[in-house]
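Participant: Sharing the record's features from Swiss-Prot:
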ACT_SITE  Glu123  active site, proton donor/acceptor
BINDING   Arg96, Ser97, Ser98, Leu99, Gly100, Arg101, Asp113, Thr121, Leu122, Glu123, Gln142, Tyr156, Gln163  dCTP binding site
SITE      Gly110, Trp111  site 'Important for bifunctional activity'
Amino acid sequence: MILSDRSIRELIEKGELKVEPYEPSHVQCSSLDLRLGNQIALYEGEGVIDVKKGTKGVRILEFEEYFDIMPKQFLLATTLEYISLPPYVTAFVEGRSSLGRLGLFIENAGWVDAGFEGQITLELFNANDRPIRLYRGMRICQLVFARLDRPPERVYSGKYKGQKGVVPSRIHMDEELKSE
């Protein structure tokens, strides 16, 4: 079941859903708006990115006020908010329609597991033929929360739990990709 604004506020007030910093006006009728943090990560260099060897050639940058995402550019960004989901709530990350109408695609693989905590790393892609300027602290995406039908056997304890700042791919840590 998708959570309403009342349920979202109730979970935050009880301390079961943690959002830091929390801005009450960002609770919408069925979602919570999250803001853009101050870090981006750019993939640089040439050649193949080998998923077994980890991410090389990633440059993490901090910005004060804004940055421009160039046409057809892909980069990682992070939310300003650090969130902590209770073990019975999952969330979907959705881009804001107003930004999508500019050609900005916002993802994070779209899913936040129950029990996750950390800042959310976002994948941004500018499909426009013009640069798009994004500002630190602007509302960038929204979380849609859903209550699980029953408690999970195990909550999220993966490689991104507790992440702060923009975090590049850690796919090389997946069990099936580890070198023998």
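The backbone N, Cα and C atoms fix where each Cβ goes, and this holds for glycine too.
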Participant: Once the DSSP letters are reduced so that anything not helix or strand counts as coil, what is Asp113 (dCTP binding site)?
Facilitator: coil
Participant: Cα distance, Gly110 (site 'Important for bifunctional activity') to Ser98 (dCTP binding site), nearest Å?
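Facilitator: On Cα coordinates alone, these residues lie 18 Å apart.
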Participant: How many Å separate the Cα atoms of Gly110 (site 'Important for bifunctional activity') and Gln142 (dCTP binding site)?
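Facilitator: So the alpha carbons of Gly110 (site 'Important for bifunctional activity') and Gln142 (dCTP binding site) sit roughly 11 Å from each other.
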Participant: Quick one: largest C-alpha distance among Arg96, Ser97, Ser98, Leu99, Gly100, Arg101, Asp113, Thr121, Leu122, Glu123, Gln142, Tyr156, Gln163, binding dCTP per the record, in angstrom?
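Facilitator: Across Arg96, Ser97, Ser98, Leu99, Gly100, Arg101, Asp113, Thr121, Leu122, Glu123, Gln142, Tyr156, Gln163, the two farthest Cα atoms sit 33 Å apart.
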Participant: Round to the nearest Å and give the CA-to-CA distance linking Trp111 (site 'Important for bifunctional activity') with Arg96 (dCTP binding site).
Facilitator: 16
Participant: Looking at the recorded positions Ser98, Asp113, Leu122, Glu123, Gln142, which sits with the largest number of other Cβ atoms within 10 Å of its Cβ?
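Facilitator: Most Cβ neighbours within 10 Å: Leu122.
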Participant: Rounded to a whole number, how many Å is the Cα of Arg96 (dCTP binding site) away from the Cα of Glu123 (active site, proton donor/acceptor)?
Facilitator: 13
